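Novice: Pasting the relevant annotations from TrEMBL:
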COILED    180-207  coiled coil
TRANSMEM  20-41  transmembrane segment
TRANSMEM  61-81  transmembrane segment
TRANSMEM  108-132  transmembrane segment
TRANSMEM  224-243  transmembrane segment
TRANSMEM  285-315  transmembrane segment
TRANSMEM  327-347  transmembrane segment
TRANSMEM  408-432  transmembrane segment
Amino acid sequence: VWADANVSRQIEDTVLYGYYTLYSIILFCVFLWIPFVYFYYEEKEEEDGNTCSQVKTALKYTLGFIMICAVLLLIGAFVPLDIPNKKNSTEWEKVKLLFEEFGSSHGLTALSFSISSLTVIGMLAAITYTAYGMSALPLNLIKGTTSASYERLENTEDIEEVEQHLLRIKSKCRDGRPLSSRDRRTLQQLEERLRTLRRRERHLESIEKSWWTKFCEAIRPLKIVWGVFFIIVALLFTVSLFLSNLDKALHSAGFDSGFIILGTNLTNPLNMLLPVLQRVFPLDYILITTIVMYFIFTSMAGIRNMGIWFFWIRLYKIRRGKTRPQALLFLCMILLLIVLHTSYMIYSLAPQYVMYGSQKYLVQVRFIVATYNQLGNIFRSLLCMSVLFPFNLDQCIVTRTYLFLHKFWFFSAAYYFGNWAFIAVFLIGLIVSCCKGKKSVIEGEVDDDDSDMSDDELSVYYH
C-alpha cells in the first residue's frame, strides 16, 4: 500500500471538496447569474428605463430562482435515505455499506440533492436535443444541402406564380366592386407569402455569391468523412449504453437500489478502452474530453435544428447572426445542464473507469501441485469491477464523483430509465433523418413570422 488510511482519506476529501466547489459554481450560474441576465435583457427590451430600475426588476424575478434553490437544499438536507431493504440481497447490502461510508453531512447531502435535481433536468435536455443531434448531425454532413442556384430558380418560379394569383384576385375589383371576405383573406395570405419569398430571394442571392459557400463546396468530401466518423461514434456510444443498461437490468439489486451494480457482467468497448488508456497519461483525459466535446457539438446541432421548446411551445429559434440574447442564455443553460448530465452518462458508458479506474485487488487462489499432491496458494491481481472473485471496499476505493452522483437511489433509477429513453430517441431520430431529404441551404433562416429588418445585415454574415 502506497499510503496509509489517513493519507488516503485526506486525498479523497480534497478531491471531493474540489467537486463541491465546482458544483457550487454551477448552482450559482443556474439559479442566480443566468436568470438575472435573462430578466435584465427582458426589461431592457420592454421599456427604456434607466439601468438601476432594470437591475431591480431583474433581481426581483431572480429571487424566485433563489427560493427554488433554497427549497432543493432544504429537501436534500432532510430527505430520508433509508429505503426498504430486499431480503437475502447481497448486492444491496454492498450498496448500502458503500453509501454509509460516504458520510452523513447534511450540507453535503443537500448539495448532492440539488445537483442531482439539475442532472435530471439535464437528462431530459440530453434526451430531447443530444439524442436527436447524434443522428441529425452526421447524416446532414453526409447528405449535404441543396444547391443555392437551384433553390433560387425554384423560388423565382414560386414568386411568379404568387404574383399571377394576386393579379387575378385584384382584377375582380377593377370595376369598383368590393372583394368578398374570402378573397380578402386569400389576398392577405398571398401578400405575406410573397414577402417571405422575396426575403428568401435576397438570402439565396447573398449565399450564392458568398465565398463561404464556395469554400463549403470545396471541402464537401471532408464533410462526408466527418459524417461517417460521427455516425460510427454515435453507434458505438449507443451500443455501449445499451450493454451497460442491460447489465443493470439483469444483475443489479433492482429498482429500490437505483439499479446500482458494483461489478460488470456485460462489458462494452468504452468500458474496456478507458482503463487501458489510463495507464498512459493523459490518453484517458483526451478521450473523456473528446466524448464531452462530442456531446456538446451534437447537442448544439439538435438545438439548432429544433429550436428551444417548452413542452409544445417554441420559445426561441437559433439562427446565425439573428439569435436573441435571451435565446443565447437559454442555450448556455441547456448546454451547462447537458454537460452536467454527461458526468452520469460517462458512468453508464464506462462504469469501471468512473467507479474504480485501473485499480486492482489481490485474490488468493488455491491449486493442487500434482507432483507432491499438496495444496498451493498463489495471488492474482484482478480489476476491481471483476465479478469472478469477491472484493471488499477497503481494497477498491470508489471515486468521489460516483458517490456524489448516486447518493439518492431514486435519482439513479431516473437515470436508468432515462438511458433507455435516450436510446429510443436516438433510433427514432436516426430513422427520421434517413427518410428526410437534403436540407435547404437557408434552413431556418427565413420564416413567415420574421421581419425584413434583419435582411439589411446579410452582407455582414455572408460576405
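Any Cβ shown, glycine's included, is placed from N, Cα and C.
TrEMBL entries are annotated by machine, without manual review.
Since the structure is predicted, the reported quantities are computational estimates derived from the model, not experimental observations.
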Novice: Relative to the transmembrane segment (61-81), which of 20-41, 224-243, 285-315, 327-347 accounts for the most Cβ pairs at distances under 8 Å?
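Specialist: Ranked by Cβ pairs under 8 Å, first place goes to 20-41.
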Novice: Sort out for me which stretch, of 20-41, 108-132, 285-315, 408-432, has the most Cβ pairs below 8 angstroms to the transmembrane segment (327-347).
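Specialist: It is 108-132 that shares the most Cβ pairs under 8 Å with the transmembrane segment (327-347).
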Novice: Are there residues at least six beyond either end of the transmembrane segment (224-243) with Cβ under 8 Å to its Cβ atoms? List them, or say none.
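Specialist: The answer is 134-135, 137-142, 266-271, 294, 298, 345, 348-350, 419, 422-423, 426-427.
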Novice: Out of 108-132, 285-315, 408-432, which stretch has the largest tally of CB pairs under 8 angstroms to the transmembrane segment (20-41)?
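Specialist: Answer is 108-132, with the largest number of Cβ pairs below 8 Å.
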Novice: So what's the mean pLDDT when you look at the coiled coil (180-207)?
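Specialist: Mean pLDDT for the coiled coil (180-207): 84.
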